[in-house]
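Peer 1: So Swiss-Prot says this about it:
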type	residues	note
REGION	1-319	region 'Ribokinase'
BINDING	195, 196, 197, 198	ATP binding site
ACT_SITE	264	active site
REGION	345-476	region 'Cytidylyltransferase'
């Protein structure tokens with residue numbers, strides 16, 4: 001599957017659910033307590049991170065999406081800490097403060113990157129508190145494309161059926177990270193994302209792949225879901241929809257340090273991708289890759305757009321180097337620019353690669369970090385050079401160029417000039433060899449208009465493909 005990122009900045013998402021503060025006490029341990037057989041930890045670091053629905057919102061914001069967050073909190077210092085935590089990433093929360101309840105807090109004690117104990121400070125919110133929260137959130141539906149219901153069974157999401165129905169009636173997709181054994185509470189949702197344990201808590205033990213699909217489709221029909229995405233740890237994810245074959249997505253995590261917040265990452269990446277216009281299979285692949293990144297971090301964490309681009313490149317091969325398609329190159333170029341790399345581009349027929357070409361390409365590469373070589377295809381070379389050319393077919397010409405240390409990407413084009421492909425890719429620097437004037441170089445005007453530069457480089461005298469061909473023919 002080809003996977004590329006949509007325009008996350010266009011995504012408008014509302015997150016409603018159980019917000020909490022994840023607090024970490026961290027320090028070394030080197031002895032056992034004389035009072036009980038437990039380690040003694042000397043705390044030297046305290047860190048607060050937004051968790052639950054708040055972590056979902058922060059993941060969306062980190063990816064570049066526009067997000068609103070609604071949840072239940074107490075009137076305490078923890079609520080203030082949680083507010084500061086989400087505001088730090090530009091999220092303005094819509095809290096409903098409940099005077100007689102504490103803000104949910106999960107305190108973890110860590111030593112040597114291992115969690116020793118977790119202490120929970122919480123009381124479930126009342127049904128009327130949930131009703132007030134959902135009613136308050138209805139006013140936000142007109143300004144978003146996707147809603148995420150992040151349910152941790154702490155009371156914020158009690159009976160959301162009316163809220164789901166209203167959102168769907170307004171054309172807003174509703175994604176649910178479910179909890180508990182009663183999925184009827186989410187009737188009519190666009191997509192639910194249970195993990196395997198949550199799925200089996202509702203449908204019973206899954207005995208085979210066929211059994212999983214049968215039970216998932218049963219839930220689709222029973223509760224009028226559009227889709228179910230079952231997250232399956234080391235087995236990846238399985239997407240089941242009513243009108244398409246199932247989609248199995250293998251896991252991409254290389255190392256797993258901590259699964260805390262992985263479900264939040266999945267649903268946030270799904271929501272942001274769908275709100276930005278991605279199709280569901282593509283959104284699932286993006287979410288799967290994001291989860292693979294976050295489980296490699298310790299504690300509740302987010303995934304940045306750059307981290308996601310790099311992970312997609314690694315696991316889906318869409319921005320590898322060498323001979324690439326134009327679409328693959330556009331994606332690779334986006335990644336390179338996000339890394340702050342200066343991209344140089346040149347073009348030519350390169351029919352018989354010679355020392356002059358090699359010297360020229362070395363000069364071009366020295367002007368930046370990455371070098372693109374656009375190559376005329378065979379029909380284009382024939383139109384430009386006449387009968388008998390090219391001597392080498394385009395796939396062979398590109399393979400030789402791709403083998404040069406100076407060249408990062410080689411891409412073909414079919415027109416007589418590379419103006420169109422240059423205008424699409426817009427490198428930082430466009431170079432051309434010979435005695436051209438800058439204003440006469442194809443694509444130069446577009447590069448300059450976009451803030452780039454155009455430069456003419458010299459060729460070595462006396463070396464050309466035409467001269468080589470004439471010399472060979474003269475010796476025959």
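Quick reminder: no glycine exception, Cβ is built from N, Cα and C everywhere.
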Peer 1: State the Cα to Cα distance, in Å, between residue 198 (ATP binding site) and the residue listed as 'active site', rounded to an integer.
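Peer 2: Approximately 15 Å lies between the Cα of residue 198 (ATP binding site) and that of the residue listed as 'active site'.
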Peer 1: Provide, as an integer number of angstrom, the distance between the C-alpha atoms of residue 197 (ATP binding site) and the residue listed as 'active site'.
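Peer 2: For residue 197 (ATP binding site) versus the residue listed as 'active site', the Cα atoms are 16 Å apart.
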Peer 1: Can you give me the residues near the recorded ATP site, meaning same chain, not 195, 196, 197, 198 themselves, Cβ no more than 8 Å from the center of the site's Cβ atoms?
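Peer 2: Same chain, not in 195, 196, 197, 198, Cβ within 8 Å: 194, 199, 200, 201, 230, 231.
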Peer 1: Judged by the number of other CB atoms within 10 angstroms, which among 195, 197 is the least packed of the binding-site residues?
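Peer 2: Selected from the binding-site residues 195, 197 on minimum Cβ neighbours within 10 Å: 197.
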Peer 1: What does the DSSP secondary structure composition of the region 'Cytidylyltransferase' (345-476) look like, as residue counts for helix, strand and coil?
Peer 2: 55 helix, 26 strand, 51 coil
Peer 1: Measuring Cα to Cα, how many Å separate residue 195 (ATP binding site) from the residue listed as 'active site'?
Peer 2: 11
Peer 1: Mean pLDDT for the region 'Ribokinase' (1-319), rounded to an integer?
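Peer 2: Taking every residue of the region 'Ribokinase' (1-319) together, the mean pLDDT is 89.
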Peer 1: Within 10 Å of its Cβ, which one of these recorded positions (196, 198, 264) has the largest number of other Cβ atoms?
Peer 2: 264
Peer 1: Please state whether DSSP places residue 198 (ATP binding site) in a helix, a strand or coil.
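Peer 2: Note: residue 198 (ATP binding site) is helical by DSSP.
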Peer 1: Roughly how many Å lie between the Cα atoms of residue 264 (active site) and residue 196 (ATP binding site), rounded to a whole value?
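Peer 2: Rounded to the nearest whole number, the Cα-Cα distance is 15 Å.
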Peer 1: Which three-state DSSP class does residue 264 (active site) fall into?
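Peer 2: Note: residue 264 (active site) is helical by DSSP.
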